[in-house]
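K.L.:
I grabbed these lines from TrEMBL:
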- 29-300: domain 'Gcp-like' (DOMAIN)
- 109, 113, 130, 294: divalent metal cation binding site (BINDING)
- 130, 131, 132, 133, 134, 162, 177, 181, 266: substrate binding site (BINDING)
């Protein structure tokens, strides 16, 4: 039996999870929530993580019914993410590993999402759509790497949604994307927005600039409601994501799609992707907010796979990096 504890804190979620041979023993987390119209600053987010991380660690051990002696390896998010929160969590993970006398493992955040998705859904070899506040990538596994087939060339889709939420002062509780999704269900009028697919890549900054400008004019003149803008933004950006995912499926001859990352629990995105998969005779895999939103168990699961294949991170190499691409990691645990 191999037991791995995982520390995640690359953005506004702080989570610690424990995995034992594919079983999630515990997975508590806390979210740093700012007032409507505001984003989260790295320094404030790190302060939040420092304030609660030991409480979350205690919860993780208690829920799992384990003592430090029962842990085989300590995994932490090495990157990508926000510098100050990443450093905060890495420091605690390093300290815990030394205090407990356990090996340490730096995990790629994106790989954590993928491995958690594969564990929960049992997808075999899917095309992965990874969509979150900081990342948007279409990924396929080939020859010991997760290869990036297409990605955003500017901001992530989650960042686009979050920033639009700030413009029209939507609440950040529980998350701006969730609140946009609920408002979009009440929207009926489609407002035409720029559609920016460039080969296998997508661009969201122009759409954001356009809707920021249009929203002030259209809302003040009564041309449409905020719900209509939420509906239109979702339909446009999700259509772009479905298009590049389908193209990757055609290229790879794949019949499976796995959606991971925080935006992946959006039911409208899952619905649109499901229609495309059905038309191709393919299968869609997705998880709920327990596992698609940043959490400690996903870092523990990727760490479990890495540790079992013989990987460890020496203390002098246990730094963090804000830029850590998915395809930089050698996938030693898959055929």
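Glycine residues also receive a Cβ, built from the backbone N, Cα and C atoms like all the rest.
Annotations in TrEMBL come from automatic prediction, not curation.
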K.L.:
Same-chain residues six or more away whose CB lies under 8 A from the CB of residue 109 (divalent metal cation binding site)?
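P.N.:
In sequence order, 8, 10, 77, 78, 79, 80, 81, 294, 299, 324 meet the Cβ cut-off.
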K.L.:
Pop the Cα-Cα gap between residue 113 (divalent metal cation binding site) and residue 134 (substrate binding site) into the table, whole Å please.
P.N.:
13
K.L.:
Compute the mean position of the Cβ atoms of 109, 113, 130, 294, which form the recorded divalent metal cation site, and then list in sequence order the other residues of that chain whose Cβ is within 8 Å of it.
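P.N.:
Result: 10, 110, 112, 114, 132, 135, 260, 261, 262, 298.
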K.L.:
Mind looking up the mean pLDDT for the domain 'Gcp-like' (29-300) in the predicted model?
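P.N.:
The average pLDDT of the model in the domain 'Gcp-like' (29-300) works out to 97.
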K.L.:
Including all protein chains shown, what's the count of other C-beta atoms within 10 A of the C-beta of residue 134 (substrate binding site)?
P.N.:
20
